[in-house]
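As structure tokens, the structure follows; a few thoughts come after it.
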Ligand code: 13P
């Protein structure tokens, strides 16, 4: 089992019609929660970190831990770098050993997104690393100045030419989800997803997986999503567990939080249909 590439894991998901969860980690406890959940359900899983999380755990600390945990796992685990915006950081990520990376050009103009995505893909492919790119904008994340990204739907008419021009291996689509806690009930545009799916072959990625209903997950996976990104629901589960035990000492708190994150992960993996697919 052990360390797989995201490409291998998502190829199987696409072939057999299930979704694979992607979960961000900033420490060993999160990594352990995710992998133990995946092992308990005999499910493949993708773990990683993102540029915005580096102040909590720099690559040099978290990546060797994730790679080693993946190698020891009893199920297929891929180690991926989520939302990254800067060229130098992406090059550092390639050296650090990620099996795949996401260049997020959704804050740039369409032309700039294509140009930079293509440049990153060319270099990453030369190093055997797959690249996820975003067309449209999922929204909800904030830039360095604190401005929140607006949601911009992916235009199905642009998907095929975007992939042709960039060579991206995975496509993050914007169909109504937003990162973080939803301010209003999410309304997903499944026909838009189906149109995108009909024009391209690469695995499609759904960001902003926290706060969606079971039906949302089932409909998006049936509509062609292969990878589902989740973060907020996991850290909220840890927050609730700690709030229920305000007197817990640090070491007990670590265990309570890890167990809560594992339970949150188990719930998602079951909904995504990846249980038993390892
Ligand atoms: P949530 O935090 O909304 O689950 O989004 C996670 C995500 O899409 C990471 O890329």
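Cβ from N, Cα, C; glycine included.
Feature annotations, reproduced from TrEMBL:
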- 82: active site, proton donor (ACT_SITE)
- 83, 179, 207: Zn(2+) 1 binding site (BINDING)
- 104, 134: Zn(2+) 2 binding site (BINDING)
- 180, 208, 209, 210, 229, 230, 231, 232: dihydroxyacetone phosphate binding site (BINDING)
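Classification of residue 83 (Zn(2+) 1 binding site) by DSSP places it within a strand. Proximity of the recorded positions (82, 134, 231) to ligand 1: a Cβ under 6 Å from the molecule is found for 82, 231. Residues listed for dihydroxyacetone phosphate, 180, 208, 209, 210, 229, 230, 231, 232, cover a largest CA to CA span of 11 Å. Nearest to residue 209 (dihydroxyacetone phosphate binding site) in space, judged by Cα atoms and limited to the recorded positions 82, 83, 104, 134, 179, is 179.
In sequence order, the recorded positions near residue 229 (dihydroxyacetone phosphate binding site) (Cα within 10 Å of its Cα) are 82, 207, drawn from 82, 83, 104, 134, 207. A simple way to gauge crowding: the CB of residue 231 (dihydroxyacetone phosphate binding site) has 22 other CB atoms within 10 angstroms, across all the protein chains here. Cα of residue 232 (dihydroxyacetone phosphate binding site) to Cα of residue 83 (Zn(2+) 1 binding site): a span of 15 Å.
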